[in-house]
Each structure stands twice: as C-alpha cells, then as structure tokens.
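Visitor: Here it is, the structure, as structure tokens.
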Amino acid sequence: MESSLQKLKFQDIDINLIPTAKWTTKLQYILYTWCQSILHVAMFFSDIYTCIKLLAFNTWSNNIIQPFLEFRISKWLFSGCILCSSLILIWELVIGLRVYRKKEITSNYMNGISRLINCLFNFKKYQIFELIVLTDEKKFSKWLFFSYFEISGCLRLLFGDSPRQIINGLTLWSVLLTVSNETSSGTHSTQSLGNLDDLNGIINKIKHIAKTNYEESVILSFMLFSFIIWVILISKLILSIIIFIIFIRPRFLSSKRKVKGYELKLRKYVSKVIDENLSRTVYELGILIDDEEEGTICGDNKTQKKFDYDSPDYGDESTIPSYYCYSDVETYERVYTPIKAYFPQKYKHKYI
C-alpha cells in the first residue's frame, strides 16, 4: 500500500506563537514587500500607457527625447517587449494563484507571486518565510536559494525589460554626449566623452540640461534610474548563473551520477532543503498545531507531548504529525513521524 506525504500547510501552524519581529524585520517587510509592489504596479501601468501611445497614436509618451534607433524600429521593439512582459506576468499570476490556493508553505515560498500575495496581507506569513532562510546555517543553501530564485524569475527581465533598457541606455548616452559636445567649445569630442565615463559625470550633465530644459532633465533622470535598476538586476542574474555553474551544478552531478546518467533537479533539491528548514523551525519554536487536542506539539517542555511506540523506528520522543492518504481508499490517517525521519543525518539509522 503506497502512501504520499502531505507537506505542512499554514493552517498546521499557530501563527500567534511566532516570536515578535525585530524592527529591522518590519522595515525589510515594508521596503521589500509593499514598496517594491507599488513600484512594480506603477511601472506596469507606465508600460501600458507607453504601449497605447505607440500603437494607437503612433508617438512616444514624450516628444522631447527621441530613441537611439529609428522610430519605426523602436516602436515595434518597445511594444513587443511590453506585450511579452504582460503575457509573462499573466502566466505567472495564473500559476501563482494556483499555488496560493494549495496553502502549502514550501510551494508558496518557492513561487514569487504566491509568496508576495501571502506576505502582502499577513505579516506572520512573511515571518515564517524569513525563518525558513534564517534557520539555515549552511552557506551552500543560501547560495542555492539565491541562484534558484534569480534564475527561475528571469523571463520578464530577459525578454521584457532587457531590450528596452539597452535602447534606453543608448538613447541616454547619445543625448548626454550631444549636449556635452555642444557645451564644450574648443575641445575635442573625445574629451567630452571622458566626462561621461562615470555616474558623477552623467548626473552633472543632467543638472546642466535642467538649467535650459527642466522637463527633459526629469525624463533623463527617470531613464537613468530605470537603467541603473536594470544593470543591478542583470548583474545579479549573471552572478547567479556563475554560482550555479561553478558551485551548485557539480554538487548535483557527481562523478558516480555521471556514469549512471542521473542528475538531481534543482527545484526538487530546493524543495527538500526548504522542507528540512521548515521542519526544524516549527520544532524549535513549538508552533505546530495538534488538531486532535487543540494544542501545539514540539517546542519547550510545557507544550511538548511524548508518544510511546513499540516499533524501533519510533523510538525518539520528539515527533511531528504527518498526514497520509492511501490511494485505494479515500481515507486519511494521522501518524506521528519522529524527528529523525526529517533529519536522518543526525542519526545512525539508514533509510532506503
């Protein structure tokens, strides 16, 4: 009789027993959850407005600064990128809402959309997600999380933002270089180019433009800001790919597995690490709910329950409840799995 282990859900945890968060955690919650969400929504509506102006009115949202490429080329390039980004976003929303309805902590943490929805409306769930990462002391797991989440969420960055930001960067450079050459009388153009080789020089040129054309300087400032954000994001993606190739992939594909032609998938490994961290967290904090007696199990001596089992596999007193569904009958059975089943590396028993 085969059985499948059902993962922990939010209703299995008493969120009221989660320790009070520090002010730094609350600040991170505001910045990384609410501020980023508002920024993404504003950028999305800005993209929609630009796309409508391009396709319906055959013009840019501003007529002051023209793109680096010809309008007939940049028009379809920008519109295609915006439409592609919107389609990817809709696809991610559909998958994210499906994951959100499952209420599984691990799958909700691994999906960016469902993780954001949970965090926006419940700070305690944000704390649970943070505890998953903070309780892992292994540097390899931290690099693994960084690499996985950067690579798994790179579609919109590569196909929706990168082509536009490259054109924005070239347009910004050409406008500033033109202004630099016009204002530097009696000097060679390469000397003017040298004034734009760092961020300080670019900002000074934008300040100079503001003296004669304030609206143009504002547009250039927003273009510069979005381009810097894109450079940071694409740098993180490149770093995550390098980390995956050099450090993570060799761990998955050892010499013995190469001979057998077997390779462990990244997503399954990340899910396993999150499950272990989550089990360790709820055990140490004692925040897991026992539905049968309306109390919590594990944790300190006041809430910890001991179970006696005749089987040697259940010799450890620290247990975690699991739910098994048998395929041949529609019945569920609650059993208490020992902690050593979640952390076999701490015990001498070998599990096949």
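Keep in mind that glycine also has a Cβ here, set from the backbone N, Cα and C atoms.
As listed in Swiss-Prot for this protein:
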TOPO_DOM  1-36  topological domain 'Extracellular'
TRANSMEM  37-57  transmembrane segment
TOPO_DOM  58-76  topological domain 'Cytoplasmic'
TRANSMEM  77-97  transmembrane segment
TOPO_DOM  98-227  topological domain 'Extracellular'
TRANSMEM  228-248  transmembrane segment
TOPO_DOM  249-352  topological domain 'Cytoplasmic'
Visitor: Under 8 Å between C-beta atoms and at least six residues away from its ends: which parts of the chain pack against the transmembrane segment (228-248)?
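Guide: Counting only partners 6 or more residues beyond its ends, the transmembrane segment (228-248) has Cβ contacts under 8 Å with 140, 143-144, 146-147, 150-151, 154, 157-158, 161-162, 165, 266.
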Visitor: DSSP says what for the topological domain 'Extracellular' (1-36): how many helix, strand, coil residues?
Guide: 20 helix, 5 strand, 11 coil
Visitor: Looking only at the topological domain 'Cytoplasmic' (249-352), report the model's average pLDDT.
Guide: 55
